[in-house]
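Okay, so here's the structure we're looking at.
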Amino acid sequence: MKSSTFGMLALAAAAKLVSAHATVHAVWINDVDQGEGNSESGYIRSPPSNSPITDVTSKDMTCNVNNKATAKTLEVKAGDKITFEWHHDSRSDSDDIIASSHKGPIMVYMAPTEKGTAGNGWVKIAEDGYTDGTWAVDTLIKNRGKHSVTVPDVAAGEYLFRPEIIALHEGNRQGGAQFYMECVQVKVTSSGSKTLPEGVSIPGAYTATDKGILFDIYNSFDSYPFPGPAVWDGASGSSSSPSASASASAPAATSAAPAPSSFTTIAKQPATSSTEAPSTENTSTTSTIVSTTAAASATAPATPSSTSAIASSAASTNSVPQPSSNAGGAVKEWYQCGGLNYKGSTQCEEGLTCKKWNPYYYQCISA
């Protein structure tokens, strides 16, 4: 499907007056909530704000601006499902997750903790981009900020899992893509049979002119070329019966089941309108996981014959008060201040200027 409709979607996003960034607030293991993890006493190396990284050469690309160990580490074993839960402000049902204008892919990397902290050894274990007119971020919003990966059958030890969103609403100019990532502290307790590859360096895996980073979502296209390395062909985990895990839990038994030979991918759900309000029903559903060996797109970098996408699950969270959006008055840094059909304030806070990136999106940035 051609994506010439994304200009219309950008207009719809502007009409909603949503200019939201995002961070990972929590993690679920085998559908068990591990609680808020984005604090010094938690298990996520969280930044002090939800502002993006835009310089692909910055050391902040590794784990965002707060690459420091936190108090807790989650315990998992091969085959366990790890679900990352993203939000704009809070785990409230009314939270908008991330601006619907922030179209782009979602990827997940992992690395041994010591190497990963230093920016080395990062292995891509999952990716989800653009399929049949739907971006990974669209699916993330629909699923209330959740996407999942399977723990590979790797050696026991401590690892960092690094979920990453690349928002491409300003990707039509060099340096315009926005990167959102955190590092989740995880201990694998099973003794796997697979050796994690050497991996890549982050920063270093991307350049500002990579086809998947300098990418114009407002022009017609059929597919999306993922930046960085291919998904590791050993990324599929294995477990005879994944059990619920908790933070700092007792070591789990070693898995003896062989890992699948192909990657896992999500069965895509129908696309929804950018203006549709997210569901707040107190239900939980998990998307169907299937195997695929489809050939990679000719427009994407060379990858193995099968690819891996991020599985997503929808679940609601407890409702707490949600701050209102800034529809009037001075607009804060990084928030929208103009564009076609935009109805909010066009006056930025002192020291900021309203920068036009494209006809659909103006943003308050440092003067």
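Every residue, even glycine, has its Cβ placed from backbone N, Cα and C.
Taken residue by residue with DSSP, Tyr180 (Cu(2+) binding site) is part of a strand. What Swiss-Prot records for His21, His102, Tyr180 is Cu(2+) binding site, and it gives similarity to another entry as the kind of evidence.
Taken from Swiss-Prot, the feature region 'Disordered' applies to 37-56 (among others). Within the region 'Disordered' (37-56), the DSSP-based counts of helix, strand and coil residues read 0 helix, 3 strand, 17 coil.
In this view, Cys183 (disulfide bond) is surrounded by 29 other Cβ atoms within 10 Å of its Cβ, with every protein chain counted. Here Swiss-Prot flags Cys63-Cys183 as disulfide bond.
Following the DSSP three-state reduction, the secondary structure of His169 (O2 binding site) is coil. Residue density at His169 (O2 binding site): 27 other Cβ atoms are found within 10 A of its Cβ, drawing on all protein chains shown. The O2 binding site annotation in Swiss-Prot covers His169 and is backed by similarity to another entry.
The region 'Disordered' annotation in Swiss-Prot covers 234-287 (among others).
The compositional bias 'Low complexity' feature in Swiss-Prot is assigned to 235-262 (among others).
Among the features that Swiss-Prot reports, compositional bias 'Low complexity' is placed at 270-287 (among others).
The N-linked glycosylation site annotation in Swiss-Prot covers Asn282, and the record cites sequence analysis as its basis.
Among the features that Swiss-Prot reports, domain 'CBM1' is placed at 329-365, with the record citing sequence analysis.
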Spatially closest candidate among Cys63, His169, Cys183, the listed recorded positions, to His102 (Cu(2+) binding site) (Cα to Cα): His169
Helix, strand or coil at His21 (Cu(2+) binding site) [DSSP, three-state]: coil
Contacting positions for the region 'Disordered' (37-56) when only residues 6+ beyond its ends and CB under 8 Å are counted: 20-27, 63-74, 88-89, 160, 167, 175-186, 203, 206-208, 213, 247, 333-334
Lowest local Cβ density among His21, His102, which the record lists as binding-site residues, within 10 Å: His21
Non-site residues, in chain order, whose CB comes within 8 A of the mean position of the CB atoms of His21, His102, Tyr180 at Cu(2+): Ala20, Ala22, Asn50, Pro52, Ile98, Ala99, Ile165, Ala167, Gln178
